[in-house]
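Asker: Can you keep this structure in mind? I'll have questions shortly.
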Amino acid sequence: MLIFSIPLIITNLLQAIYSIVDMIIVGHFAGSAGLTAVGNGGQITQLILVVVLGMSNGGAVLVAQMIGAKKKEQIVDVTSTMCTLFFWIGLAVTIVIFILSPLLLQAMDTPSEAYVQTLSYLRICLIGTVFIYLYNVMAALLRGVGESMIPMILILITAILNIVLDLILVGHFDMNATGAAIATLSTQVICCILVFPLAGRKYDYFNLRNVKLKIKKNILKNIVKIGLPQAVQFTITNLSFLLVLVLVNHYGNTASAISVSVTRLSSFAVLAGQAMMTAIIAMSGQNIGAGNYARAQKGMLVGLVYALPLAVVFFLLSEFIPATMLRIFTTDADVLATGGPYLQIFAWSFLIETVMFCLFGLLIGAGYTHVTMSCAITTSFAVRYALAMIFSRLTPLGFLGIALAYPFAPVCSCTICIIFILSGRWKKSRIKL
């Protein structure tokens with residue numbers, strides 16, 4: 001498990017660097033307005049991305065259980081169905097959101113000084129939707145068969161290229177958030193183009209000669225059964241983040257820059273937990289497919305032990321040197337002064353979310369994505385957004401009240417998952433191969 005998960009951790013680290021480098025370079029060269037533009041525009045693109053992340057997890061679980069059940073010949077049908085489905089979904093999403101983007105930014109109460117940059121950033125990034133959808137489909141299917149090196153290599157290449165392009169376009173040519181968007185789009189296209197030949201060379205069922213542009217109904221049914229709740233879960237979670245960002249934007253450009261910076265730090269703090277969740281999904285899926293439930297549960301506990309140290313390190317750094325952590329993104333005095341206390345409160349979520357991700361991994365691998373979806377629905381709105389609204393608007397905490405709402409949401413999710421796991425109901429298979 002550790003051998004499989006180390007490339008996943010490195011991949012998640014590189015992806016976090018991939019996204020955070022935009023923030024750092026734009027923050028230093030374009031100021032708080034550029035930082036807000038990337039943060040607000042990025043929140044919408046992330047909301048678009050989570051649809052494929054959730055559904056592709058359904059494909060990964062299906063492939064993992066096919067491996068465990070010795071039915072590898074069916075994997076090519078999963079690949080064909082997933083690629084065809086998300087090509088058309090990606091195209092439709094690009095057109096619709098491109099047209100609606102001004103209305104979305106207005107609804108988000110995007111600060112006026114950052115609006116033009118935000119719109120430019122968002123629309124350029126939207127062009128890459130089909131490419132990033134197809135890449136994530138293939139990356140998920142590769143994880144399902146236990147392959148984590150190919151995604152790591154691709155993300156390494158594109159992360160380096162993204163940094164170089166950011167420095168050229170944003171730093172040298174002073175293109176602000178627009179330059180960051182062009183850099184992101186370029187690397188997404190390259191990543192998509194490379195993943196197919198690399199995957200097909202090693203695994204015949206991913207070879208484009210065997211993949212057909214068609215959808216098999218029985219495969220689609222299983223993908224939707226497992227993946228749709230995941231897509232809904234991720235969408236609802238990110239929608240709640242978007243709504244919280246609207247609350248943040250009410251406090252102005254400085255507050256928005258703080259929120260964006262802290263959120264990016266959070267992505268680093270929990271990346272080991274997210275990587276372990278991915279490893280646990282594949283590992284538990286294969287073990288459950290083979291009927292080995294005890295090993296699946298043990299793998300979840302081992303993953304938790306591996307994941308927690310990184311979260312603890314980021315938690316301690318955020319508590320004792322918060323201004324130094326925020327200085328990674330900006331030197332704006334107002335952001336550093338107000339952002340320190342915000343980060344110290346927010347940082348408690350680093351620890352709890354790491355535990356939550358590992359619990360999610362076991363349940364997703366078992367096919368019980370409707371349980372994790374229920375957690376998302378309950379905690380995202382009834383807890384995170386509701387408490388952010390109450391603490392920020394109805395108490396003297398104001399902006400800091402928004403940070404206080406974040407740790408409460410994963411506590412509720414962990415409680416629900418632990419109760420379900422202890423009940424033993426997750427051992428009843430939900431997938432018919």
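Keep in mind that glycine also has a Cβ here, set from the backbone N, Cα and C atoms.
Feature annotation from TrEMBL assigns transmembrane segment to 12-38, 44-64, 85-108, 120-141, 153-173, 179-199, 226-248, 268-289, 301-325, 345-364, 371-391, 397-422.
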Asker: I need to check the long-range neighbours of the transmembrane segment (44-64): which residues 6 or more away from its ends have a CB within less than 8 Å of a CB in the stretch?
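Answerer: Apart from its flanks, the transmembrane segment (44-64) reaches 75, 78, 82, 85-86, 89-90, 93, 97, 101, 104, 122, 125-126, 129, 132-133, 136-137, 139-141, 143-146, 219, 222-235, 237-239, 241-242, 281-282, 285-286, 289, 364-365, 367, 369, 431.
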Asker: Restricting to CB pairs under 8 Å, which listed stretch, 120-141, 153-173, 301-325, 371-391, 397-422, is in contact most with the transmembrane segment (345-364)?
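Answerer: Most contacts with the transmembrane segment (345-364): 397-422.
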Asker: So which of 179-199, 268-289, 301-325, 371-391, 397-422 is most in touch with the transmembrane segment (12-38), counting Cβ pairs under 8 Å?
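Answerer: Per the Cβ count, the answer is 268-289.
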Asker: For the transmembrane segment (301-325) and the transmembrane segment (268-289), check the count of CB pairs under 8 Å (sequence separation 6 or more) and say whether it reaches 3 or more.
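Answerer: As far as Cβ distances go (cut-off 8 Å, pairs 6 or more apart), the transmembrane segment (301-325) and the transmembrane segment (268-289) touch.
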Asker: Sequence-remote contacts (6 or more beyond its ends) of the transmembrane segment (226-248), Cβ cut-off under 8 Å?
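Answerer: Hits for the transmembrane segment (226-248): 39-40, 43-44, 46-47, 50-59, 61-62, 107-109, 255-256, 258-259, 263, 364, 367, 369-370, 372-373, 375-377, 380-381, 384-385, 388-389, 392-393, 399, 402, 405, 430-431.
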